[in-house]
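Among the features that TrEMBL reports, domain 'Adenosine deaminase' is placed at 9-319. The Zn(2+) binding site feature in TrEMBL is assigned to 14, 16, 194, 275. As annotated by TrEMBL, active site, proton donor applies to 197. Annotation source TrEMBL lists site 'Important for catalytic activity' at 218. Annotated substrate binding site per TrEMBL: 276, in sequence order.
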Ligand code: HPA
Ligand SMILES: [Zn+2]
């Protein structure tokens, strides 16, 4: 469907490339690579997607990633994503990948990155899309493992824009990764961290104070803490909010009570993204469309979300100005 929500130019800032593995591709790659998955059909895969919390999702998400083995697999996964993103009005994407999910299965770091980088070249050529790659540390593993991952990334550092922090949040506070985030910053990488998705507002504060992040992924739970909200607004800190994910993982009861407009009204630089769209039933335009309908967002509020996505991106001043001009031209029609 091409409508206002898919046409408006936007940046995707919160997307796990492993979370774009559609059931059809999971089954096809399982066959291509002779990797057994615990599902007999595409329908069985889909039927398994009934999550009760973050961990129940992560268990299936990591199991599904087992079909990704060859450079070509990572290429095909990302190329399919970029085609969908282009159709959704994404002109700039900063995508997460989870190296440890693959290196722990014996897949070399270089295989993953080479596949993703060749798909990125294709997205530039086919869609004129610009793409940044963000290496995300798995927080359920220890900091030493994250340091080993940073070492493996050394030959590729100029191809990465930043690092992130994802996986099981509760019990794995940001401070656990203080040293590896400092080391990542010293290598010129930008920093983001998932915080306040399931974890408390204090994890958001820790991501700011201890990790010194440039961007917060999710951040919803900041709303429990008015002083923190005021600070995030004052610092113009971007929060990459994922409405369909929030509902699928039961962090928000339903879209009808999603706080996206509360966040905007509080002066927060909130943006809307898709997280793991193959698992949560909707890419970025569908996230815009669904939350706008459920919350009755005005056209102006939707434009603010798109503008915030560019303001929160890791773009040069020149590239940012170009995207904002493109958005303004779109709004003027
Ligand atoms: O929503 C998420 N939260 C934490 N880790 C993740 N890894 C993929 N998606 C997510
Ligand atoms: Zn996420």
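Please read every residue number as a count from 1 along the shown chain.
Cβ atoms are placed via backbone N, Cα and C, with glycine included.
What TrEMBL annotates, mapped onto the structure for a quick look.
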residue : record                                  : DSSP (3 states)
14      : Zn(2+) binding site                     : coil
194     : Zn(2+) binding site                     : strand
218     : site 'Important for catalytic activity' : strand
275     : Zn(2+) binding site                     : strand
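In this structure the C-alpha atoms belonging to residue 194 (Zn(2+) binding site) and residue 218 (site 'Important for catalytic activity') are separated by 6 Å. Only 16, 194, 275, 276, of the recorded positions 14, 16, 194, 218, 275, 276, place a Cβ under 6 Å from an atom of ligand 1. 275 are the recorded positions among 197, 218, 275, 276 whose C-beta comes within less than 6 Å of an atom of ligand 2, given in sequence order.
For the recorded Zn(2+) site, residues 14, 16, 194, 275 set the reference point as the centre of their Cβ atoms, and the other residues of that chain within 8 Å of it by Cβ are 15, 19, 96, 166, 217, 218, 240, 242, 245, 273, 276. Across the structure, residue 16 (Zn(2+) binding site) and residue 276 (substrate binding site) are spaced 6 Å apart at their Cα atoms. With the fewest other Cβ atoms inside 10 Å of its Cβ, the least crowded of the recorded positions 14, 218 in this structure is 218. Around residue 276 (substrate binding site), the same-chain residues at least 6 positions away in sequence with a Cβ under 8 Å from its Cβ are 15, 16, 18, 19, 20, 57, 61, 245. Here residue 275 (Zn(2+) binding site) comes close to 14, 15, 16, 19, 242, 244, 245: these same-chain residues lie at least six apart in sequence, with C-beta atoms under 8 angstroms from its C-beta. A Cα-Cα distance of 5 Å separates the residue listed as 'active site, proton donor' from residue 218 (site 'Important for catalytic activity').
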